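Copied from TrEMBL, the annotated features are:
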| type | residues | note |
| --- | --- | --- |
| ACT_SITE | D149 | active site, proton donor/acceptor |
| BINDING | N12, E386 | Mg(2+) binding site |
| BINDING | K19, H209, L210, G211, N212, G213, D284, C285, R286, G332, I333, G334, E335, N336 | ATP binding site |
| BINDING | R92 | substrate binding site |
| SITE | H181 | site 'Transition state stabilizer' |
| SITE | R242 | site 'Transition state stabilizer' |
Amino acid sequence: MSTNGPYILVLNCGSSSIKFAIIAPSTGETPLKGLVENLFTASGRLTYEAQGEKIKSTLPAKADHTQALQLIVEILNQFKQLKGQLVAVGHRVVHGGEFFAESALINEAVIQAIHKTSNMAPLHNPANLAGIRSAQLAFPLLPQVAVFDTAFFQTLPKEAFLYALPYSLYEAHGVRKYGFHGTSHYFVSHKAAQMLNKEYEECNLISAHLGNGCSIAAIKHGRAVDTSMGFTPLEGLVMGTRSGDMDPSLPSYMIEQLGYSAADVNSILNKESGLKGISGLSNDCRELEAQAKLGNEQAQLALDMFCYRLVKYIGAYMAVVGTLDALIFTGGIGENSAYVRSKVVSQLYHLGLVIDEALNDEMRFGRSGGIHQPASLPVLAIATKEEWVIAQDSARFAK
Ligand code: AMP
């Protein structure tokens, strides 16, 4: 077992899952990482990987975050040398509202602010808080740090983050665009600046995070100025199961004319739409690519719509950021799907983006690099490392 500490324990608590990892903030070295799934069910399971070995176990029925955290601590107890080098716990927190433009050392006031934001992220923030409370009990001596998905987008100007609704909705209820996937956009945009050999503050970038959730960010002179996700992570691009943009009157039409309940509509837009809804097959891009190749028209349509929406956003953001230094692809699809990247970039030829198909085909499985022809504006595929960003930011608060 490597002992290149200090290390940070990074926790990403979802509504029914916990991702955990021990990460060296200076290098990104990850000697241990794991995943708890299916909390609150009879089939909870825990898998982790350490020293190249994968280990699986089950959880007690209906285990909650606290019980799962106890198991994680038991695992860490088997790796005393690593555990002894932990200097902080970094928590991914989905929604920081307007309270947090950067990461924060967790104290009671920070917990209250996260709690206040929970009504805007009802699935995520309460889970994040459960993780924080459990980790405080398990590691009372370590600083606990909250790293927010929304913080990167607190630089958006009002003209970009406001909806054209009565201003009082913003003032009284915080109705505005917040943006999500901030740690990923932060990581890949900084990495792009390095790859371009340019000061970050001078870079005009567009980063597309394409995974099961998808978002795109416009970054001008090193500041986020727009993004596709909004008040919630539902707005914007076509995603795995989320609709992204649509006519805002559709929910009331579905409720009043088609007889759906508000809960039905919410579930359809979040869980039954996007690639899955259009294809009727799957939210998995790999499967859709395979089916489209076999001639499945709905799979092809889903991919066409996915790419078309993305092309529209890239065009809009090229207008916003000024002279573009690079277009970045990241996330499971952005990092691995040569098909999607090629299909998108080939529709941007007239804007100066030309893909190199050979480079594009090679770029997958965690590799990062340029996928454009020499005369093109740079197009980069970059493997995102959100957990590493959380570790780096948390290390700033370690004693
Ligand atoms: P993420 O949420 O970032 O883990 O990304 C999940 C998405 O990445 C799913 O739609 C996967 O199908 C997609 N993905 C992963 N590997 C590939 C690949 N080799 N080709 C196309 N899509 C991929």
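Keep in mind that glycine also has a Cβ here, set from the backbone N, Cα and C atoms.
This view paints the features noted in TrEMBL onto the structure.
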residue : record                             : DSSP (3 states)
N12     : Mg(2+) binding site                : strand
K19     : ATP binding site                   : strand
R92     : substrate binding site             : strand
D149    : active site, proton donor/acceptor : coil
H181    : site 'Transition state stabilizer' : coil
L210    : ATP binding site                   : strand
R242    : site 'Transition state stabilizer' : coil
D284    : ATP binding site                   : coil
For D149 (active site, proton donor/acceptor), the one of N12, R242, D284 that lies nearest, given that the recorded positions are compared by Cα: N12
Entries of N212, R242, R286 (recorded positions) sitting next to ligand 1, with Cβ under 6 Å as the cut-off: N212, R286
Distant-in-sequence Cβ neighbours of N212 (ATP binding site), under 8 Å, six or more positions away: M239, G240, T241, N283, G332
Residue with minimal Cβ packing [other Cβ atoms within 10 Å] among the recorded positions R92, H181: R92
Sparsest-packed of the listed recorded positions (D149, D284, E335, E386) - C-beta count within 10 angstroms: D284
Site extent for ATP (largest Cα pair distance over K19, H209, L210, G211, N212, G213, D284, C285, R286, G332, I333, G334, E335, N336, Å): 23
Candidate with sparsest Cβ neighbourhood (10 Å radius) among K19, R242, R286, the listed recorded positions: R286
Pairwise Cα distance for H181 (site 'Transition state stabilizer')/E386 (Mg(2+) binding site) [Å, integer]: 9
Neighbours of E386 (Mg(2+) binding site) among the binding-site residues L210, D284, R286, I333, E335 (Cα to Cα, within 10 Å): none
Distance, N12 (Mg(2+) binding site) to K19 (ATP binding site) (CA atoms, angstrom): 5
Between N12 (Mg(2+) binding site) and R286 (ATP binding site), the C-alpha gap once rounded to whole angstrom: 25
